[in-house]
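Participant: Have a look at this one.
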Amino acid sequence: MAQDVLTDLNKVRNIGIMAHIDAGKTTTTERILYYTGVNYKIGETHDGASTTDWMEQEQERGITITSAAVTCFWNGNQINIIDTPGHVDFTVEVERSLRVLDGAVAVFDGKEGVEPQSEQVWRQADKYDVPRICFVNKMDKLGADFYFTVQTIKDRLGAKPLVIQLPIGAENDFEGIIDLVEMNAKVWRGETKLGESYETVEIPADLADKAAEYRNELLETVAESDEALLEKYLGGEELSIDEIKAGIRKLTVASELYPVLCGSAFKNKGVQPMLDAVIDYLPSPLDVESVKGHVPGHEDQEIERKPSTDEPFSALAFKIAVHPFFGKLTYVRVYSGKIESGAQVVNATKGKKERLGKLFQMHANKENPVETAAAGHIYAVIGLKDTTTGDTLCDPNSQIVLESMTFPDPVIEVAIEPKTKTDQEKLGTAIQKLAEEDPTFKVKLDQETGQTVIGGMGELHLDILVDRMRREFKVEANVGKPQVAYRETIRKKVENVEFTHKKQTGGSGQFAKVIVTVEPLVDAEDGATYEFENKVTGGRVPREYIPSVDAGAQDAMQYGILAGYPLVNIKVTLLDGAYHDVDSSEMAFKIAGSQALKKAAQAAQPVILEPLMAVEVITPEDYMGDVIGDLNSRRGQIQAMEERSGARVVKAQVPLSEMFGYVGDLRSKTQGRANYSMVFDSYAEVPANVSKEIIAKATGE
C-alpha cells in the first residue's frame, strides 16, 4: 500500500474537510480513505472507531479535535487530507490547518443548510483565500433539501455556488446524482456492497427539465470565464467535457465560485464523484501563489519561495501532537526545496538549529516512513526539540520566516490545583506539553493566591484539556469555577506624566526619571494591544535604558490598576527623562517605567472590559418570548431574529460572565427543544454597577 510520494505536483492535492459539528465531516473523510484503499474496514463515528479521530476523547464525544493529516491515492493522484475540527472552541486548530491547505471541501448538512459554525469556518477560509468545493451531505436524512442548502450558501455566506450535481430522490429514496458536466446520472442501486459500484445511466425523465435548466446556468457561467469558450457557446457549439472542467477549475482556483455536489457519506453515495471533483477542480501546490516570507529579523524585506524542489528548503510547522511511541510529532507543510531525514535545518522563527529525525507521511494513526521531504507535501517529523506551531524551518544558508500566525487571547480561565503532592510535578509537565500543542491554551501563576490558572477559548476547550491531563498524563486535578478573563483599558489621553525613581541607602543608589504620555490605542495593526514609541532626543535617557522603560510599562500592564486584570489597548510614548552616571541602571528605569504607567493610567479614566459572546439560539416559536426575556435578563442585546426551517433563530450579544450554566437554563425553559452556539465576539466596556462589583470582589472589600 505504501506508495511513494508523487514527484509530479500537478497530481497532488492538499485539502481540508471543513464543516459544522455533525454535518458528517469525519464520516466523509473515512469514506474517502475507504474508497482510496487506505482503510480496509469502514470506521463509523457512531462506533467511535473512525481513523482520523484518534484521541480517546474524540471517540467518546464523537467530535474531531486534532487534525490528523492523512495521505491517500485516487486514480494515480495523491490527496493529503487534513481533518479540521468544526467546534468553535478549537478555532485555532481550524485556522492553523487552513494556513497549510491549498483547497477544501466544505461539508454541509442537507437538512440544516449553513449553520453558525460552518459560517465561522467559512469566514476563516476566506481570510486565507482557500478555494473550496461544497458537498451537501446527509441527503438520505429526513427533511434533507438540496435546493434549500444551496440557497443558504448564497444567503448566509454571501458566496456564489455553482451547482454541478443534482440529487435523484431525497430522504429514504435518495439513490444517486445527476452529473451536470457529463450530463448523465450515477445511481447506487439497492444496498450494493458499501456503495463501491455505481451505474451510469440516462437522466430520469422527470428530472430532465430541471437538469437542462441547471446545465444552462453552468454553461453560461463557464463560458463567461473565457473569451474563446464564450464565442463557441454563443455560436451554438457544444462545449466539450474537458473545456467545461477547465473552466470550472479556473473559476474555483480563483475563489470566484464554489462548485456544489451532493451525496450521503454515511450511505456511501456520491463519495467517488466528490473525489473526482477534488482532483478536477481544487488547486495543486503549483496553482497556488508562491509562499511569501521575510528575512529573519527584517520584517520589511520580503522574499518568496516557489513550490519547486530546486528552491532552498522551507517548511511551516502547523501542528504538534504527542504520539504514544515516538513522543513529539511535528506536522510540517514543505513549501519549497527538499531535504533528507537526519539533515540539519534552522528554525528561523526562533533562530535555533534543529535536526530532522525520521520523516513520515501519516495515515491517521499509522506511519509510512520516507527518506526525503519535498515541496508541496505534508509530513510528520520526529526529533524537533524547539519547534512549536507556526514556526518556520528552513535551509541554514538561505533563511526565511514564513508569516507567523496570530492567535486570539483566552476568554475564559479556571484555577487548577493538583489533588496530591505527586500530581504537583506531573501537572507542570502536562500543562507544558499541552501548551506546546495549542497556542490558545494559556497558563499563568496567580501571584496573590499562588494558584495555577489556565485559560482557553471556551468551557468545552478547557474541559477537554483537563480531561487529557487525566488520561494522557495521569494527573488528577481539582478545577475551580470558570472565571471570565476581564481586561482593563483607559478612555482618555494623559500627557507628560512624570515619575522619578530614587533610592539612596549608602553604596550605589538607584536613579531614573521618565516623562511619558499614555493614550488609548485604536485599530492597531495585526491586533496588537500595546505600542511603545520612543521620542527622547539628545540622549537624555541613554539608548540602552529605553528597552527597560518599555519592559517596565509592559510589566505594569500585566497586573492592571483597577482590579488586577491585564491592561490592553494602550500606547505609551516616552518623551523625556533624566539619568545619573553612577546610580542609573536598567533596573531603575524598569521600575520608573512601570510606576509611570500606573500613575498615568489611573489619571486616564480606567475602565474594565468584558468579553461579549455572539450567541445564536435556535428555538421553536412557542418559546421565543422566554428565550428573549432570558437573554435580556443576562444583559444581552438582541441583534436579529430570523426564521430558519420552521424554527426561530435569535442572535444576540451577551457578556460571557452571564452565560455560565446557560445550557441547563435553556433546556429547562424550552423542554430541551432549543439549542445554542456561542463564539467570542469582542471586548466591551462593563456598566458601572457591574464594574463596582468586579472591583470589590478583586480587592476583597
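Even glycines carry a Cβ here, placed using N, Cα and C.
For 10-286, the entry in Swiss-Prot reads domain 'tr-type G'. Annotation source Swiss-Prot lists GTP binding site at 19-26, 83-87, 137-140, citing sequence analysis.
Each of the listed features needs to be described in terms of its position in the shown structure.
Facilitator: DSSP assigns Ala19 (GTP binding site) to a strand. Within 10 Å of the C-beta of Ala19 (GTP binding site) there are 27 other C-beta atoms, taking all protein chains into account.
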Participant: Within the chain of Met139 (GTP binding site), which residues six or more apart in sequence place their C-beta under 8 angstroms from its C-beta?
Facilitator: Gly110, Phe146, Pro167, Ala170, Phe174, Cys262, Gly263, Ser264, Lys269, Gly270
Participant: Translate the DSSP assignment of Met139 (GTP binding site) into the three-state scheme.
Facilitator: coil
